[in-house]
Structure formats: C-alpha cells, structure tokens
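Engineer: Not my notes, these are from Swiss-Prot:
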{"type": "ACT_SITE", "residues": "ASP72", "note": "active site, proton acceptor"}
{"type": "ACT_SITE", "residues": "ASP141", "note": "active site, for ring-opening step"}
{"type": "ACT_SITE", "residues": "HIS143", "note": "active site, proton acceptor"}
{"type": "ACT_SITE", "residues": "GLU148", "note": "active site, for ring-opening step"}
Amino acid sequence: MRLIILDTSDYVGEWSAKYVMKRINDFKPGPSRFFTLGLPTGSTPLGLYRNLIKFHQEGKISFKYVKTFNMDEYVDLPRDHPESYHYFMWHNFFKHIDIDPVNVHILDGNAPDLVAECNAFEDKIKAAGGIELFIGGIGPDGHIAFNEPGSSLVSRTRVKTLAQDTLEANARFFGNDISKVPKQALTVGVGTVMDAREVMILIIGAHKAFALYKAIEEGVNHMWTVSAFQQHPHTIMICDEDATLELRVKTVKYFKALSNVHHKLIEEGSTDVRKLCK
C-alpha cells in the first residue's frame, strides 16, 4: 500500500488525474484492448474529473477505448434527477470527454428486477476482462460506495437498504428533507472492488481523518469497510494534509519521506507504476 499525502484537496485532484492519465496512456488501449475503469461519485472525485477533462481538452488523453463501471446508484430515482448518479456522471465528466456511451456502465436503480440488474453488472465486469483501476472515495465512517459499516468484506454487487446516518447525511442534497432521500441503493460490493487489479482511494478533509486512521493503522474490520484494502496487492491512497490529523506522527513522516518515489508514479517514461505501489 502507498499513502500519498498532498498539501491540499486541489493537489489531490491534480495528482490523481495525472496518475489515471499515465495508467491509461501506458496501457495503450485500442479497439481490441480497452482500459477498464471503476468510478465513484460525490464531491471527493470532482477535482479528479475536472483535471481529466482538462487533460483531454489539451489532447493528452483519450477515452475512446476506455470502459467505465460506476460504483452505485439510488433505487427509484429517475435518471434525469439532479441527484441521480447517472446525471452526476454525465454532467460532471462523460459529456466533456470522447467516451462512447456504449462503454459507460451505471447501475439502473429503476430496473424491474434489481437483483438481476446487480448480477448482470457483475457479468459485464467479467466480460470486460475485469477492472484495471477502481477509484473510490470514503465516508467519515469508512464506507466505500454504499458498503456501510458491518458490510461483508467479500460482498458482490447488490441491493442495500441505507443506514439512518447515510439518509441524514444525504438529506442536504434533497432540500434537507430526509423523506425525499431514497431508502435503497444498488452498489458494487467490497469484493467487487477487491477484484480490480489496482485500487485508488481518495480521502479529503479533517472529517475523514479518523476513517483514514482506521484504514491504514488498525486491522481489517468490517465496521470500517475501507480497511479491507490493506489486503489488496496494489492499493494507493491519496489524501490531503487535513485528512492525516488522526495518524501517528511517524506514519506521516514515513510516507512523506517517500515523496520522491511518489513523484515518479506520475512522471513521463517511468516504469510500471503498480510495481511502485505495493
């Protein structure tokens, strides 16, 4: 595991976008060789998406041969609702790049058979050859996607009933009316993300500092689902300075001392970055 500590959230967005760009360009995708990317929603990845759009507009990266799989979607929320994850992804990322809509995969929370929808999503990931790089953010309680505290660490894509804390946290997106927040969602499982060849976790803000501490300084615990990625052979966590407030001083010093190695992860012409991310 690598922990990349950067000064601000803006640097997290820029650094992570450079890393994703390098991974895709080094992969050299083409008509018979697609790069498969797992993507999150929420405020945390917005800086990543803005920078990837910028790099695309500058001609530094193409998404023509990239397939994407999103982490989650609300149940019974129309696709064109401003808080649906379909709307979020198209508004904040997909419509600004050259990705083919047929290569975009987002769970359908309005499917007539939700279980079948989840199973089909897993099948599509397998048919695509698995996910090369899965990007995620976490909540203050360490959840990833809608895998909330207590979720199985080998779970697959499924229907989840949302916890009261999640409903209360998300009410701000629905006019602070908790009755309007969807009570269920479709989500990839922890096991689904663990199957990816590489996992990148973005952590921003002091309110997520305790979750980062649980993620890297304590043991694997299903009450902190992000901790599962300690056991992934290629995990890279990228955080801002505020998110390190609960870490031990020696932990922060250790990872900051590796900053020269971390810079090589986004340098042109550097070797297979996954070898540097163990």
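Heads up, the Cβ atoms here are built off N, Cα and C, so glycines get one too.
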Engineer: Within 10 Å of the Cβ of HIS143 (active site, proton acceptor), how many other Cβ atoms are there?
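Structural biologist: If we count other Cβ atoms within 10 Å of HIS143 (active site, proton acceptor), we arrive at 25.
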Engineer: By a simple count, how many Cβ atoms lie within 10 Å of the Cβ of ASP141 (active site, for ring-opening step), its own Cβ left out?
Structural biologist: 19
Engineer: Work out how many Å separate GLU148 (active site, for ring-opening step) and ASP72 (active site, proton acceptor) at their Cα atoms, rounded off.
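Structural biologist: For GLU148 (active site, for ring-opening step) versus ASP72 (active site, proton acceptor), the Cα atoms are 13 Å apart.
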Engineer: What are the non-local neighbours of ASP72 (active site, proton acceptor), defined as same-chain residues 6+ apart in sequence with CB under 8 A from its CB?
Structural biologist: THR41, TYR85, LEU107, ALA145, PHE146, ALA185, LEU186, THR187, VAL188
Engineer: Determine the Cβ neighbour count for GLU148 (active site, for ring-opening step): the number of other Cβ atoms within 10 Å of its Cβ.
Structural biologist: 20
Engineer: Could you tell me which three-state DSSP class GLU148 (active site, for ring-opening step) falls into?
Structural biologist: coil
